[in-house]
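Notes follow once the structure below has been shown.
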Amino acid sequence: MSTRIAFLKGHGTENDFVIVPDPDNVIDLPPAAVAALCDRRAGIGGDGLLHVVRSAAHPDAEEMAAEAEWFMDYRNGDGSTAEMCGNGVRVFARYLQEAGLAVEGDLAIATRGGVKTVHLAKDGDITVGMGKALLPEGQVTVSVGERSWPARNVNMGNPHAVAFVDDLGHAGDLFTPPPFSPASVYPDGVNVEFVVDRAPRHVAMRVHERGSGETRSCGTGACAVAVATARRDGADPAVTGTPVTYTVDVPGGTLRITEHPDGEIEMTGPAVIVAEGEIDTDRLRAATR
Ligand SMILES: N[C@@H](CCC[C@H](N)C(=O)O)C(=O)O
């Protein structure tokens, strides 16, 4: 029997998502179905999918249910799961707000990377507490064609390699994941950011996302870039006791990232819902055959 699944489409700095509201976690979303929905030619199209589930109804989130009513069950465009999505969590919050499921003020959202707090205003940009960055020691090298660069390993719940380059064009077409070494540093793959300076405390980046390819923005990536750039610039809020803010331009817009003396990182940026509709499960089944 065919069923109709309601979906919405939204984006944050053009990192775009198919949103599937499913409070009781009754919709089966295997990786092939997610990939079919995210397909830009044969599906709805998106860098990833935000499955909106009550924390109490999902085995990956039930332990967080007392803290956060809603769980962002995030999937990459290829159907794989990831720990966290910084643009996604703002879009997720915007959906809850517009659906009347969340009110203005602070809202806790469960993710596979832990509970994140989003500050929802009536409208305008959304700020999210992204937690702390981990900066494991050790040298990583990222390459594109004949060029290679040392990269900073930054973990924002999910893994990132941040490489400073002379020209964002040197990242090439980014149709395939940039090779990195040693392979043992990122056993589950990595998101790779290429960064150039624009002005003091202002950079621009391109990103190849694990499981999605090149995207027009990555929120966790922008946080990783801000922290890696701050350390490169000799700025460490934990040492100076003063917050540091970086402006990070991405192909799809601009994000503002502040690192506080306690290590907590806040990211501010836009989040919009642009469309909604329904898909027939029979059509989806046909698409995944
Ligand atoms: N676009 C996201 C990151 C999504 C997850 C990433 N592709 C991964 O696999 O870690 C963001 O805005 O943070």
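Heads up, the Cβ atoms here are built off N, Cα and C, so glycines get one too.
Not measured: the values here are computed from a predicted model.
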**Study point:** According to TrEMBL, which candidate in Asn15, Asn25 joins Asn76, Gly86, Asn87, Asn158, Asn191, Glu209, Arg210, Gly219, Thr220 at the substrate site
**Key:** Asn15
Revision key, fill the gap. The correct three-state DSSP answer for Cys85 (active site, proton donor) is coil
Exercise for review: Fewest other Cβ atoms within 10 Å: which of the active-site residues Cys85, Cys218 wins that one? Let me know.
Suggested key: Cys85
Check your understanding: Which Cβ among the binding-site residues (Asn15, Asn158) has the fewest C-beta neighbours inside 10 Å?
Key -> Asn158
Check your understanding: Can you check what DSSP calls Gly219 (substrate binding site), collapsed to helix, strand or coil?
Key -> helix
Point to revise | Extent of the substrate binding site in Å [max Cα distance among Asn15, Asn76, Gly86, Asn87, Asn158, Asn191, Glu209, Arg210, Gly219, Thr220] | key: 16
Review point. What is the interatomic distance between the Cα atoms of Cys85 (active site, proton donor) and Asn158 (substrate binding site), given in whole Å?
Key: 8
